[in-house]
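Notes follow once the structure below has been shown.
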Amino acid sequence: MTTTTASLVKTFLFRCDSFSSFKFKCKFESPAKTRLLSPATEKHVVRSSRAWRIRCLSDDPGSSHVFVASRRKMVVLLSTVQLLSHMLPQNGNAAEIYPVMQNEIRKVVTKGKAAGVLRLVFHDAGTFELDDHSGGINGSIAYELERPENIGLKKSLKVLAKAKVKVDEIQPVSWADMISVAGSEAVSICGGPTIPVVLGRLDSAQPDPEGKLPPETLSASGLKECFKRKGFSTQELVALSGAHTIGSKGFGDPTVFDNAYYKILLEKPWTSTSKMTSMVGLPSDHALVQDDECLRWVKRYAEDQDKFFEDFTNAYIKLVNSGAKWNML
């Protein structure tokens, strides 16, 4: 096959999600000089094509679909394919090991321990910096447990270690994957949304730099700027803050994942003279209702729990993919 004829560039094999066994292959064929039949003369003419052909092949040998794209669109497509390949499960056994992880996690993570496990996710992934793509979800939290901001997380990691030992007996998984799935299960255990998590993250062999997590004392403007550096919008900041609905921060039932966090924020109980209510939430929680842009989303989520669940799910998936290094087969 010469360079003037259609040639195979690369074949990609994808698994649609971590629960599906459906696969498809795409062959990217370079532009070729194509012999066409001219309707006017009924003669064959040679025309140099500027388009690329994408042939999608199913497991059925007799089934395929061909799409045609311009060179410019092909550049965009190839870039998108490369990006998506990092967002899809890289391990061929992901569909088999994922339910095992869920099962073992649920054996050790009770509703009372869910908040600590979810906090583990934020403290591992929250070190991500968009400008240099440093930090992020990489299991480095295991080396950072003595830091002041991570006090109390050693217990949560020990809880997950019990589940990880069982999972590793079947198939070794990274701490980054284990923490990501555990956070999702913690939300679900407490009545929150079911959040799908793809597998294939690699662990870091060293701790992330210090001082990358947002301090609890930040103002609203400081929070927005901090989350912006990590690639998150104000809406995503407010949605992710809803994780404080479980735990001991004082936002309703500590074992129920719902939108009580936002309803209580609007009541501003910390302004009361009562010693108990004055301790509700962190300064960073209080800051959300002192900023017009944040307040708009606080009100929206207080009124619509389904919207909160939807936006939290999307933001969580983004969080546990932030800065991830993926296992390339």
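A Cβ is built for glycine as well, from the same backbone N, Cα and C atoms used for every other residue.
According to Swiss-Prot, the protein has these features:
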ACT_SITE  His123  active site, proton acceptor
BINDING   His244  heme b binding site
SITE      Arg119  site 'Transition state stabilizer'
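Distance between Cα atoms for Arg119 (site 'Transition state stabilizer') and the residue listed as 'heme b binding site': 9 Å, as a whole number.
In this structure the C-alpha atoms belonging to the residue listed as 'active site, proton acceptor' and the residue listed as 'heme b binding site' are separated by 14 Å. Over all protein chains present, the Cβ of Arg119 (site 'Transition state stabilizer') has 21 other Cβ atoms lying within 10 Å.
Counted within 10 Å of its Cβ, the other Cβ atoms near the residue listed as 'active site, proton acceptor' come to 21, all protein chains included. Long-range C-beta contacts of His244 (heme b binding site), restricted to its own chain and to partners at least six residues apart, with a cutoff below 8 Å, comprise Phe251, Tyr261, Gly281, Leu282, Asp285.
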